[in-house]
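Worksheet: the structure to be examined is printed underneath.
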Amino acid sequence: MSDHQNPVSVPVSVPGCPYSVIIGRGLLADIGTRLSLSPHTQRAAVVASGVPATRYAPVVVEALRSSGLDAELVEVPDGEEAKTLATVEHCYERFAGMALGRDDVVVAVGGGVVGDMAGFAAASWHRGVALVQVPTTLLAQVDSSVGGKTGVNLPSGKNLVGAFHQPKAVVIDLDTLGTLPERDRVAGLGEVAKYGFISDPEVLRILEEAPDDAIAAGPGVVDDLVVRGIRVKAAVVSADEKEAGERALLNYGHTVGHAIEAVGGYARYRHGEAVAIGMVFAARLSEALGSASPGLADRTERVLQGLGLPTGGVTATREELWQYMRRDKKARKGVRFVVCSTPGNARLVEQPPEQLIDKLLDSLR
Ligand SMILES: NC(=O)c1ccc[n+]([C@@H]2O[C@H](COP(=O)([O-])OP(=O)(O)OC[C@H]3O[C@@H](n4cnc5c(N)ncnc54)[C@H](O)[C@@H]3O)[C@@H](O)[C@H]2O)c1
Ligand SMILES: O=C(O)C(=O)C[C@@H](O)[C@H](O)[C@H](O)COP(=O)(O)O
Ligand SMILES: [Zn+2]
């Protein structure tokens with residue numbers, strides 16, 4: 001589908017700050033030529049952790065230096081437990097040390113954790129500097145790098161602090177998936193499957209027909225899945241940047257998923273795994289409310305299990321889960337959930353009966 005000669009470009013038409021998502025292979029070595037930064041940009045803080053900090057961020061730093069920028073690696077602690085204000089503060093201190101100014105740029109190289117955390121650092125440093133996303137996990141390539149949701153977790157809940165801050169560009173180099181461990185490839189497929197339930201049923205067909213190819217994440221099936229996912233995400237955020245309506249559908253499976261992550265201290269589950277369990281809950285809720293025809297929940301479990309994603313085994317009590325679900329950012333008078341009627345069609349429901357929610361939470365054990 002795409003290589004460094006012919007990358008695919010998907011436009012994100014957010015009013016006032018449109019940008020492109022460039023998807024291809026071998027894109028990092030000349031990334032500097034792919035970004036249209038301000039002519040006043042002098043410095044770039046390249047934020048990364050873990051394997052991307054040693055393997056991909058140095059390539060990005062070198063490429064930006066070749067383009068004339070004063071680029072520095074800002075290494076941060078790795079993993080969901082490090083998606084905190086303390087890590088953001090560490091970034092601020094490094095930005096201060098390199099005199100990162102208003103015309104300069106933050107480049108996030110890594111998974112969704114680094115993208116969200118460094119994105120929030122960019123949104124708040126000097127009240128907002130330019131951001132470029134270079135996602136290196138499947139989850140970040142198909143979801144988190146696009147749309148401008150940035151932020152960090154608190155012990156009291158997931159992504160409770162943050163800002164909408166759109167990137168200037170997103171550069172997806174699919175070759176980086178070659179070093180991604182299987183657990184993270186599979187977790188990313190949780191968000192891929194989500195697009196099948198809320199918008200593009202063809203995604204589910206692909207996951208059902210070729211689960212092993214999807215898990216392998218080699219060239220071919222995964223390229224198609226990333227482009228399909230990004231097209232859905234770009235269309236949704238272009239229509240509803242700040243989640244006044246339709247964007248909430250991207251939260252399918254997340255009300256329970258985020259609660260499961262938080263109860264586990266952000267250490268037990270990958271985000272995509274927790275969302276998978278949350279989608280089983282959402283499908284059962286959809287059926288129980290008569291919003292979906294019978295069979296949706298069974299199909300959900302089959303697809304997710306076929307990919308090696310968890311569909312139950314939750315040890316948290318319903319009281320623990322409620323504590324976090326009540327703080328969900330979609331909540332109004334009460335907790336709101338995204339339900340699915342048929343694959344490709346989803347909507348929000350207000351405050352389903354608490355007894356029903358309790359019964360369905362128990363069913364996730
Ligand atoms: N902003 C959004 O719209 C949005 C959307 C979905 C998810 N998220 C957030 O994304 C986060 C989850 O992201 P994630 O699943 O990418 O996890 P992650 O960022 O923790 O990455 C998982 C692990 O993979 C490593 N890694 C990254 N790229 C690698 C590579 N190419 N090779 C080897 N190792 C690599 C990381 O260092 C990390 O150890 C959650 O915090 C979630 O809330 C945000
Ligand atoms: O982009 C969105 O909007 C999403 O909801 C995408 C989700 O996959 C993602 O996990 C997001 O960070 C959740 O947002 P939140 O507002 O519930 O924290
Ligand atoms: Zn998500």
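Each residue, glycine too, has its Cβ placed from N, Cα and C.
According to TrEMBL, the feature domain '3-dehydroquinate synthase N-terminal' maps to 74-184.
Residues or ranges marked as NAD(+) binding site by TrEMBL: 78-83, 112-116, 136-137, K149, K158, 176-179. Look at T179 (NAD(+) binding site): DSSP puts it in a helix.
TrEMBL lists 188-331 with the feature domain '3-dehydroquinate synthase C-terminal'.
Here TrEMBL flags E191, H254, H271 as Zn(2+) binding site. Over all protein chains present, the Cβ of H271 (Zn(2+) binding site) has 29 other Cβ atoms lying within 10 Å.
Look at the binding-site residues D78, E81 and count other Cβ atoms within 10 Å of each Cβ; E81 has the fewest.
Rounded to a whole number, the C-alpha distance linking H254 (Zn(2+) binding site) with E81 (NAD(+) binding site) is 18 angstrom. For G115 (NAD(+) binding site), the Cβ neighbour count at a 10 Å cut-off comes to 30, with all displayed protein chains included. In the structure shown, across all protein chains, T137 is the one of the binding-site residues T137, T176, T179 with the greatest number of other Cβ atoms within 10 Å. Taking Cβ-Cβ distances under 8 Å and a sequence gap of 6 or more within the same chain, the neighbours of E191 (Zn(2+) binding site) are L139, V142, D143, G229, G272, V275.
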